[in-house]
Amino acid sequence: MGKCSALMIFLSSSLLLVLQTLHVVNAVKCFGNSFNGNSSTFAQNRQKLFPTLADKVIINDGFYNASLGQDPDKVYALVSCARGYDQDACYNCVQSLTQNTLTDCRSRRDSFIWGGNDDVTCLVRSSNQSTFGSVQLKPPVVWPSPDTIESSKNITLFKQQWEEMVNRTLEAATKAEGSSVLKYYKAEKAGFTEFPDVYMLMQCTPDLSSRDCKQCLGDCVMYFRKDYMGRKGGMASLPSCYFRWDLYSFHNAFDNVTRVPAPPPRPHAQEKESCITVKKGKSIGYGGIIAIVVVFTFINLLVFIGFIKVYARRGKLNNVGSAEYSDSDGQFMLRFDLGMIVMATDDFSSENTLGQGGFGTVYKGTFPNGQEVAVKRLTKGSGQGDMEFKNEVSLLTRLQHKNLVKLLGFCNEGDEEILVYEFVPNSSLDHFIFDEDKRSLLTWEVRFRIIEGIARGLLYLHEDSQLKIIHRDLKASNILLDAEMNPKVADFGTARLFDSDETRAETKRIAGTRGYMAPEYLNHGQISAKSDVYSFGVMLLEMISGERNNSFEGEGLAAFAWKRWVEGKPEIIIDPFLIENPRNEIIKLIQIGLLCVQENSTKRPTMSSVIIWLGSETIIIPLPKAPAFTWIRSQSESGAMSLSDDVFTELSCR
């Protein structure tokens, strides 16, 4: 029975992965000017033209360009199938994609969709302007594999071999050999040191020049590489080209492809012992040489240590600013000298104060080499004790992502516990979003970029990093903004490390900020990635409204937003500075925010779903239900505690 259950789980998981992959590959992108639905002349012309495309592409050697109607409602369509296509497979592929376009892009004039089935890839592209012979490099569609490369793999070696494969495939795909459908296409199969086989496919529409094709494919690779280099495969496409790679064969594209073998291992030293002659008739083998070198090195090391001790006694090392330190897991970081930090901050001068948090004060510092840093000096008795200090040092040392603040090092001399971060010039998000004057600087484009960046940072913590981390204190004051207003998630003192297969944990030690804490965490100490999703939802609603979560007496922002949503008036909560921006896009974010603050944690999305929703104009997003109103219960239970008070307590045993 156990084996049968395990088999059913495996088959269900495999089927789900296949369905996800097919959905990913067949994602239509709608863009450009809008029109008035199916009743418009443009829509009617498109509905007449599209049903003819599948037949036409077959009799035109796999590539067909057509138009129908008169300007300004003229419809242009371009259809293509890949090299070596099966006619039935090509026909079915084009039929499916034209239907997807008609369904998903009812009110947009421009669209493209690269898709496929088991036997072929194909493209359906349409516009109200001629696209033939012109490369189009926006908008991109990028879909990564949901699986990440295991930390046990040699990632550096994998990236090197992956880049080499990209270059080979790109060069071959853009040689423009053959007739229409044979041009600008290359499928390659290669062995990697860390994986048995890697499959890669690149394709452009055959109406382009070789130069345009190379630029287009290069951009596709760039879009994938930028955010998803650690994934086990993925796809990136533009209206004029298509790039996909995976660890398994796809689209029947590799049956007749010769496998490029994995590069040979680096040559080792010859096992045959070589000799060095020292006297006639005598020689020393490598074993003897190694013994001599070891003894010589050991003597030099003793001499060096002696010099260090002598100079240390004379005080010659007092001006050393930092030293490398290794924790119990072998992770290296910098331990800064307290005197150097005191000098950098002008003895923690109030003029250098950047901000005040629940656990300490942050100062700006400048090292003698001109490097600017942010110095967080923990307040004694603040609640962030040794455990939280060591936790933040240990976690941030292992994390590297453009949307996470970078820890440069630490200092723990005497009673002082200090963290040294990269300096982020624009302070934290709360200084902008809740300031009447500065909020106007947060345009719709800037806010969207901040929201998306925070989401990507959380996705990295939850799924993409070598560790699995729950932040537990996500709020606007813990989001720093760099010079270009890109967000960086900060303050990992209360973060919780999960095992790779762990999805949920319980704690008696509750730490965070009331109003941002998920109900199951605040009331029962239950922690999961969905706890961070809840906090993200509250913060997203703050970004849209420009109001603090505690600005609405007795109910909170989520409750207020939900009431307006039910009334059909979600625009009431929109910040007046955003009124002139695309209403549908802003309301979509309100919908996502409400989904993130659902009372039942299983009803909240994952951060990967949030990323997909943010980047798609066509995916149907679920409708939210009433969100959690934990602050109403919490206020009645704990008296006058504010919605924004820091919480650092322990649940009593029951």
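Note that Cβ sites are derived from N, Cα and C of the backbone, with glycine treated the same way.
Listed in Swiss-Prot:
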ACT_SITE  Asp473  active site, proton acceptor
BINDING   Leu354, Gly355, Gln356, Gly357, Gly358, Phe359, Gly360, Thr361, Val362, Lys376  ATP binding site
DOMAIN    143-250  domain 'Gnk2-homologous 2'
MOD_RES   Thr513  phosphothreonine
TRANSMEM  288-308  transmembrane segment
Cα distance, Thr513 (phosphothreonine) to Asp473 (active site, proton acceptor), nearest Å?
6
Inter-residue C-alpha distance, Gln356 (ATP binding site) and the residue listed as 'phosphothreonine' (nearest angstrom):
15
Should the residue listed as 'active site, proton acceptor' be counted as helix, strand, or coil on the basis of DSSP?
coil
Spatial neighbours of Val362 (ATP binding site) that are distant in sequence (at least 6 apart) but have CB under 8 A:
Thr353, Leu354, Gly355, Gln356, Ala374, Val375, Lys376, Arg377
Rounded to the nearest angstrom, how far is the Cα of Gly360 (ATP binding site) from the Cα of Thr513 (phosphothreonine)?
15
Gln356, Thr513: which of these recorded positions has the sparsest Cβ neighbourhood within 10 Å?
Gln356
According to DSSP, does Val362 (ATP binding site) fall in a helix, a strand, or coil?
strand
How many other Cβ atoms are found within 10 Å of the Cβ atom of Asp473 (active site, proton acceptor), counting all protein chains shown?
25
Gly360 (ATP binding site), number of other Cβ atoms within 10 Å:
21
When the domain 'Gnk2-homologous 2' (143-250) is classified with DSSP, how many of its residues are helical, how many are strand and how many are coil?
41 helix, 28 strand, 39 coil
Near the Cβ of Leu354 (ATP binding site), how many other Cβ atoms are there if near means within 10 Å?
19
Give the helix, strand or coil assignment DSSP yields for Thr513 (phosphothreonine).
strand
